[in-house]
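**Q** Let me give you the structure first, and then I'll get to my questions.
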Amino acid sequence: MRSKSKQVLLLWLEGFREACSLHRVVILCLRSRKLLLRTGQCFLLNGLIFLGSLGVFKWFIDPSLQWILPDQCSPLTSQEFCSYGGFYAFLRGGLLQLFYVFWFYPLYMLSFILSNIWYNDIAKHGFEAIEISDLNSAEALRQGEALASLNMANAERPSGLGGVMIGIGEQVYSILLLTFFFLEVCVVGVIPYIGKILNFLLLSWMYAYYCYEYKWNFSGISLKKRLDFFQSNWAFFAGFGSPCVLAIFFLSPLVSGALMAILFPLFVLTATGSGPEKLIGAPRRTWKCAGLGKLPIFYIADTLSMLALSIFRLESPHEN
């Protein structure tokens, strides 16, 4: 038991350290001008415009409205002016809501849509920068050897139309799985006493999976292999996702969304440049153990996804 606990802690710390290896982002951006451009666009939209707008609102607009339309009277204010305090509070609240409805919420949606498009480009350019670079050939060889066992999935997938259909099916299932897992994360957060702890843990796994999914997509690793590898090495990925969650866990939804939109591509690039297969295998060789065992992280999401797909299959013939 003590040996297992040490293994969990070491793998968690290894994952945490990998996520914090942000120097890889600088190296990859220096190798690829396209990557630097996309990353800069992401920082401009989410950092300067989105997060900057929230800062201007909090530190300038809101205090100014508090001063112009106060809801409490100072001793020097006339009684006639004070009689409008309730109306001023209502008017100020309405103006604040207008800012949210016509600026922050549309900006949030724009950021969400563009960022998701840019994230894929960032991961692709980062992956290409690693592949074509000969400045770090030893690292490329190390990752190539580590991914060899996982890339065996490519041989199992048929070519032609059959392979395309399997790929589409995997994408549909993956979307359903991650959607239900996200809902599970939200529901777990309202559980008394232990809800916040479970929410933090599930969020860590969710962000870690998102970060590595880009790399696995470009590596051609099948969905089954990804899920098996992820759930078999849950301690490492819990550690990798922890810095992502720590950065936003105690912030308001809009601020956390803006900050995560800035940080997420950095963690994606960190995941793209990392080799978790060898990092995870090192402790096993040191302790001569088989690993921690598979943890069914996606069990609930998988059950709901299969249920949704079975309902869809039953309804389709009936409609025809």
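Counting starts with 1 at the first residue shown.
Keep in mind that glycine also has a Cβ here, set from the backbone N, Cα and C atoms.
Pasting the relevant annotations from Swiss-Prot:
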| type | residues | note |
| --- | --- | --- |
| CARBOHYD | N217 | N-linked glycosylation site |
| TRANSMEM | 41-61 | transmembrane segment |
| TRANSMEM | 94-114 | transmembrane segment |
| TRANSMEM | 175-195 | transmembrane segment |
| TRANSMEM | 227-247 | transmembrane segment |
| TRANSMEM | 248-268 | transmembrane segment |
| TRANSMEM | 292-312 | transmembrane segment |
**Q** Take the transmembrane segment (248-268) and find every residue of the same chain, 6 or more past its ends, with a Cβ under 8 Å from one of its Cβ atoms.
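**A** Distant contacts of the transmembrane segment (248-268): 19, 22, 25, 39, 42-43, 45-47, 50-51, 54, 104, 108, 111-112, 115, 118-119, 122-123, 126, 200, 203, 207, 210-211, 214.
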**Q** According to DSSP, folded down to helix, strand and coil, what is the residue listed as 'N-linked glycosylation site'?
**A** helix
**Q** Thinking of Cβ pairs under 8 Å, which stretch from 41-61, 175-195, 292-312 has the most of them with the transmembrane segment (227-247)?
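**A** The listed stretch sharing the most Cβ pairs with the transmembrane segment (227-247) is 292-312.
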